[in-house]
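Asks: So that we are looking at the same thing, I have put the structure below in structure tokens.
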Amino acid sequence: MASSITTAAGDSLDNTNNGTETHETMQNGLAPLLGTDSEEIQLDDVLAQLKVGLFQWKMLLLAGGGYLAVCSEIMVFVFLSEPVTKEWNLMHMTFAMLPFVSGITGIIGSFTFGIISDRFGRQKPFIIAVAIVAVFGLISAFSPTFWSLVLIRSLVSLGNGGLEAVDFVLLLGSYPECLPRRNRGTFMVVITFCGALGAVLAGGLAWWLLPTYGWRTFVGACSIPSFLVFICRFFISYESPRYLFVSGKKKEALHLLSIIAQQNKTSMPTGEIICPSSQERGKLQELFKAPVLKRTIFSSLVWFFQSAGFWGVTIYLPEYMGSLGINPYFNMFTVFIGELPGLFLAMILIEPHMLGRIKCLRFFSMGTIITLVLFAFINLDFLKAVCVIVVYFFMVPIYSILNTYTSEVYPTDIRSIAMAWVKSVISVPGLITPFVGASILSSNISWLYPIVWACCFVLQFLCTFGFSTETAGKDLRDSRNSAQNPSRLPTTRF
């Protein structure tokens, strides 16, 4: 820290006699933001001056690891269909109870942890959720019966639902809360890219472990990322500065900003930070009141059709491809690899100088529709295997765009409960698609499987026209009563 710091009032605070950073020095470090200068500064402008540096990269490591752990665990039951049904002689409709019950507990986890996060902070709910995922994920590998597997995996989904709700706010959601506006879209897609790596990890482990070592070893191996994230969380433990301001904890927020400035080797501006506090945090009913009612309705619909289409295509895809004579585990591994270049493209197109959030969403949604139709009517098995990779090239980046847009379009005081709501909405198709997929899989009409799920993306594409607020490059709103308008380009004042 600099030995001499100038406050907003212009006073020089000399600390050259102090060998170490004392409490007084810390307070002096906050002086530029605690001064009496009458200039008002938007929090987004402060974050813009603090830039992207070591602090954001540390958070990216944790955020990416968290989402990687979530996605690797979510993909587990996709690969369990064949080995579990064979081990316990199950019907497909019986196996469908595994994702069905897991979907219900995922909804409970999303709401519970989302409400707690908005009211009491992001850190502790995250640690508890990731611990649940890690511990019960490992225990599920030792399930003696199918119904014990259902019970234990439902607890994993409880933690996963909570981890998604909190992760997208403390980490994904906290990224718009602690990133300059110009970097939000890229970093959000990078984190979702890490989620795709989690799916690749699950696919690779399935290809390697399932044929030789069995599904129990595979399930145990998929819990390792959660344990690593749980350990890392004790070394990287920061709250969102925006959440601290909104919850009225100004001193803690200013102290965190000083930490960001120190780690990024930048200086803090002078003036009074504009970020209104709110006592009405974490209330679900606020999502269904003006002015956010319309965005809640259309966000819910778009998320619902995304989840229905994705899980409809994915849940029985290994068996569907196996019925065509294609190695299902290797094919799923290559499919998940195909997600990565699509996410790179989304990283470019999502920025305001390119397509922005909404047009980028429509582009990838339409691409998914076209490739699913081609997949349905191409007769050569080799071309089908290639085509399904292209389907995931377009389909998976939609998640990154929706995660970015949803966390930006809602104000800070209800951002966590909004993410919990949409994470609960996307759990609903998980209750239905296993049974629908099992019925379609038993049909002799080969093109029916992809066409049914292509219809979900057609409906999703139409619902995107209900989005009227573009958030790319705009200030975040901090409360429903905030004077900031996300549809207006911000004015930086220094």
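Quick reminder: no glycine exception, Cβ is built from N, Cα and C everywhere.
Curation plays no part in TrEMBL annotations; they are all automatic predictions.
Keep in mind that what you see is a predicted model, and the values were worked out from it rather than measured.
In case it helps, TrEMBL gives these features for our protein:
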- 1-24: region 'Disordered' (REGION)
- 59-80: transmembrane segment (TRANSMEM)
- 59-472: domain 'Major facilitator superfamily (MFS) profile' (DOMAIN)
- 92-114: transmembrane segment (TRANSMEM)
- 126-149: transmembrane segment (TRANSMEM)
- 155-175: transmembrane segment (TRANSMEM)
- 187-209: transmembrane segment (TRANSMEM)
- 215-236: transmembrane segment (TRANSMEM)
- 297-317: transmembrane segment (TRANSMEM)
- 329-349: transmembrane segment (TRANSMEM)
- 361-380: transmembrane segment (TRANSMEM)
- 386-405: transmembrane segment (TRANSMEM)
- 417-441: transmembrane segment (TRANSMEM)
- 447-467: transmembrane segment (TRANSMEM)
Asks: Averaged across the domain 'Major facilitator superfamily (MFS) profile' (59-472), what pLDDT does the model get? Just tell me the whole number, please.
Replies: 83
Asks: Is the transmembrane segment (447-467) packed against any residues at least 6 beyond its ends, judged by a Cβ distance under 8 Å, and which are they?
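Replies: Sequence-remote neighbours of the transmembrane segment (447-467) are 294-295, 297-299, 301-302, 305-306, 308-309, 312-313, 316, 320, 358, 361-362, 365-366, 368-369, 372-373, 375-377, 395, 398, 405, 436-437, 440-441.
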Asks: Please indicate, using numbers and ranges, the residues of the same chain that are 6 or more beyond the transmembrane segment (297-317) and have a C-beta under 8 Å from a C-beta there.
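Replies: Long-range Cβ neighbours of the transmembrane segment (297-317): 77-78, 81, 99, 328, 332, 335, 361, 368, 372, 388, 391, 395-396, 398-399, 402, 406, 409, 418, 421-422, 425-430, 432-434, 436-438, 440-441, 449-450, 452-454, 456-457, 459-460, 463-464, 466-467.
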Asks: To the transmembrane segment (187-209), which of 59-80, 92-114, 126-149, 361-380, 417-441 is linked by the most Cβ pairs under 8 Å?
Replies: 59-80
